[in-house]
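**Q** Dropping the structure in here first, questions after.
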Amino acid sequence: MKNGRGNRVAVVGTGFVGASYAFALMNQGIADEIVLIDANENKAEGDAMDLNHGKVFAPKPADIWHGDYDDCRDADLVVICAGANQKPGETRLDLVDKNIAIFRSIVESVMASGFQGLFLVATNPVDILTYATWKFSSLPQERVIGSGTILDTARFRFLLGDYFAVAPTNVHAYIIGEHGDTELPVWSQADIGGVPIRKLVESKGEEAQKELERIFVNVRDAAYQIIEKKGATYYGIAMGLARVTRAILHHENAILTVSAYLDGPYGERDVYIGVPAVINRNGIREVIEIELDEEEKKWFHRSAATLKGVLARYFAQ
């Protein structure tokens, strides 16, 4: 165990996502200390060695070591990447039975260390497992965050930017709802340079509208395509996790589409779901309730109902 100085991030699960996330943290100089925890201690130790050998190339070298749950005591943030991976043909919700028991063990072990920081959950189905983390930890809702639709939103902005030939950073558009098959695009609030995207395609005819629909389908189904081609997704979500981590540790008050607990916003209660939220060192400062059109409201409620239906099998609602 290192002597805690500066910001400490504990990464639980050093598979594809966890290791890629630690690599992103190192390359961006986000954390001062990174501890890697995995049931396979040799894997965690090997990753720590590998990352340490690249310290000289990092913008802000971090202390990196493989550890155990006791190291979570002084962590500012515990990021859970452990669990069963999604296989070809599986939906994210198919993973619940496999991962819920794993999460109970992980969260209880973290809390037993005396941990008083924030949880960030990456494992799928992320909305369900973020709710489980909140329940198992008994922490305030704002201190438990899921990666939500941060990657879906990034995919959306990338594909829209590609279609309109502008930088994705200049595309303002959100994917909200379940990180999964019932997620939805908020077309009513999407714009590029202040011009609504719906207005941009008005003059281009029906084919342009169909292309927007195809873009959303490609966003929604991207994970299935990547899993089919290479077995897993990890680079994109690792960078998304790093972005959330920076917002937390650097107290940025950044608006990101994370899995946040709703207790009234969007007309929903007692569910973690992907929505824009203000993120800082205290966790979720507030949920941003963007104005949805009637069709989007119906779609969002269907998405929330899907998640609640799964939660009801494991937690009293």
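Backbone N, Cα and C define each Cβ position, glycine as well.
Below are the features listed in Swiss-Prot for this protein:
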type: ACT_SITE; residues: HIS179; note: active site, proton acceptor
type: BINDING; residues: VAL17, ASP38, LYS43, TYR69, GLY83, ALA84, SER105, ALA122, THR123, ASN124, SER147; note: NAD(+) binding site
type: BINDING; residues: GLN86, ARG92, ASN124, PRO125, VAL126, ASP127, ASP152, THR153, ALA154, ARG155, THR233; note: substrate binding site
type: BINDING; residues: ARG157, HIS172; note: beta-D-fructose 1,6-bisphosphate binding site
type: MOD_RES; residues: TYR224; note: phosphotyrosine
**Q** I need the most crowded of these binding-site residues: VAL17, ALA154. Count other C-beta atoms within 10 angstroms of each C-beta and give me the top one.
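**A** In terms of Cβ crowding, the pick is VAL17.
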**Q** Taking each of the binding-site residues ASN124, THR233 in turn and counting other Cβ atoms within 10 Å of its Cβ, which one has the fewest?
**A** THR233
**Q** Of the recorded positions VAL17, LYS43, GLY83, THR123, TYR224, which one sits closest to ASP152 (substrate binding site) when you measure Cα to Cα?
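**A** The smallest Cα gap between ASP152 (substrate binding site) and any of the recorded positions is with TYR224.
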**Q** Just checking, which of GLN86, THR123, SER147 (binding-site residues) has the fewest C-beta atoms within 10 Å of its C-beta?
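**A** Counting other Cβ atoms within 10 Å of each of the binding-site residues GLN86, THR123, SER147, the minimum falls on GLN86.
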**Q** How big is the Cα-to-Cα gap, in Å, between GLN86 (substrate binding site) and THR123 (NAD(+) binding site)?
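**A** That comes out at 10 Å between the alpha carbons.
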**Q** Taking DSSP as the reference, which of helix, strand or coil describes HIS172 (beta-D-fructose 1,6-bisphosphate binding site)?
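**A** Strand, per DSSP.
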**Q** Would you count the other CB atoms within 10 A of the CB of the residue listed as 'active site, proton acceptor', including those on all shown protein chains?
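**A** Step by step: centre on the Cβ of the residue listed as 'active site, proton acceptor', count other Cβ atoms within 10 Å, giving 31.
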**Q** May I ask for the distance between ARG157 (beta-D-fructose 1,6-bisphosphate binding site) and VAL17 (NAD(+) binding site), taken between their Cα atoms and rounded to an integer number of Å?
**A** 22
**Q** If you measure every Cα to Cα pair among VAL17, ASP38, LYS43, TYR69, GLY83, ALA84, SER105, ALA122, THR123, ASN124, SER147, the residues listed for NAD(+), what is the largest value in Å?
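**A** Between the most distant Cα atoms of the NAD(+) site, 24 Å.
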**Q** For the binding-site residues listed here (LYS43, ARG157, HIS172), tell me which residue's CB has the most neighbouring CB atoms inside 10 Å.
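**A** Most Cβ neighbours within 10 Å: ARG157.
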**Q** For GLY83 (NAD(+) binding site), which DSSP three-state class applies?
**A** coil
**Q** Compare the C-alpha of THR123 (NAD(+) binding site) with the C-alpha of each of the recorded positions ALA154, HIS179, TYR224, and give the closest one.
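**A** Its closest listed neighbour, by Cα, is HIS179.
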**Q** Which one is it: of the recorded positions ASN124, ALA154, HIS179, THR233, whose Cα lies the shortest distance from the Cα of SER105 (NAD(+) binding site)?
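**A** Smallest Cα separation from SER105 (NAD(+) binding site) among ASN124, ALA154, HIS179, THR233: ASN124.
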**Q** Taking GLY83 (NAD(+) binding site) as the reference, which of ASN124, VAL126, HIS172, HIS179, TYR224, THR233 (the recorded positions) have a CA within 10 A of its CA?
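**A** Passing the 10 Å Cα cut: ASN124.
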**Q** Counting across all protein chains shown, how many other Cβ atoms sit within 10 Å of the Cβ of GLY83 (NAD(+) binding site)?
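**A** For GLY83 (NAD(+) binding site), the count of other Cβ atoms within 10 Å is 23.
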